[in-house]
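Read through the structure below, which is laid out as structure tokens, and then see the notes.
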Amino acid sequence: MAEPDPSDPLETQAGKVQEAQDSDSDTEGGAAGGEAEMDFLRNFFSQTLGLGTQKERLLDDLTLEGVARFMLSERCRRVICLVGAGISTSAGIPDFRSPSTGLYANLQKYHLPYPEAIFEISYFKKHPEPFFALAKELFPGQFKPTLCHYFIRLLKEKGLLLRCYTQNIDTLERVAGLEPEDLVEAHGTYYTSHCISPLCRQEYALSWMKEKIFSEVTPKCEKCQSVVKPDIVFFGENLPARFFSCMQSDFLKVDLLIIMGTSLQVQPFASLIGKAPLSTPRLLINKEKTGQTDPFLGMMMGLGGGMDFDSKKAYRDVAWLGDCDQGCLALADLLGWKVKSLGHPSLSRAQSLDACPMFL
């Protein structure tokens, strides 16, 4: 019986199941046919759902201490960080979805049809003014990196950082000292801007966009007078090609995922947690547990396996719940990476921002 080509769509593979069943009944039949069918189905579900792949437990304990011991071992050489707005809130930048303090809960003055419209490309093309008013409030250069940002830089300096995938557009990863090759800015960047006309696409620098935004002038292309938009990804736009190219190679060799400050609600970024090998430990540092999608449904929709913190089958996922800066400090302390000049993790928000701390 022929096995399905993994590149075939599910419908095609399912059709091959039926063809194989008909063939078996015409030739050998009986027990032999039933055994062949079971072998085929095992391969089918293994290839499409990831079932049957070996799951090795690498953490001796599903705690932050267990993660720290793993990071200090020879088994952990390549770390990927997946980060969202929660790592920048202590810098004074609101996240998106907190009920009272989040960005979406405080956009009434822009008179939007619904909060997400401010980041929808179709709405922007007709009404760019609300976005640029908000962009003035959140423009890069007005905020300092947080301890989370410096912790990610420390991973780089320790030779552990494979890549940082960020949903944020505040550029604080760059300000903290990460280079472009260290980053996948999944939702784009303010560093460059382009004319939105497909016939033009003239590029503009950050300094040009800043001057327009702070002059409260809607940026218009100097060549064709179409609106110029920062290269951040709006709803309805494709993610940068770098997101997909790096994803294909990075997640084949990652030893540890550290997920911080993200609700894991926006696709395809949220699906990254399911791209790592099934044995790769995953640490969530966040105010609440997230990423716990149904594993069968996640696989069927191509979103990867959900996180499992609490079931009897849990073997690789760890959740540290609380403030992201404090989580990074707690992990750094367990690793023996002390905060220079500030002493102990019990430091104030003002200290952490003004001193721009580095770790030893």
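Cβ coordinates are placed from backbone N, Cα and C, and glycine is handled just like the others.
Curation does not apply to TrEMBL; its annotations are automatic.
Features reported for this protein in TrEMBL:
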- 1-33: region 'Disordered' (REGION)
- 57-338: domain 'Deacetylase sirtuin-type' (DOMAIN)
- His187: active site, proton acceptor (ACT_SITE)
- Cys195, Cys200, Cys221, Cys224: Zn(2+) binding site (BINDING)
Using all protein chains shown, find which of the binding-site residues Cys195, Cys221, Cys224 scores highest when you count other CB atoms within 10 A of its CB. Cys195
Taking the recorded Zn(2+) site as Cys195, Cys200, Cys221, Cys224, identify the other residues of that chain whose CB atom sits within 8 Å of the mean position of the site's CB atoms, giving them in sequence order. Ile196, Ser197, Leu199, Arg201, Gln202, Glu222, Lys223, Gln225, Ser226, Val228
Neighbouring C-beta atoms (10 Å sphere around the C-beta of Cys200 (Zn(2+) binding site)): 14
For His187 (active site, proton acceptor): intrachain residues, at least 6 apart, with Cβ closer than 8 Å: Thr166, Gln167, Asn168, Ile169, Ile232, Val233, Leu239, Phe269
Local confidence of the domain 'Deacetylase sirtuin-type' (57-338) - pLDDT mean: 90
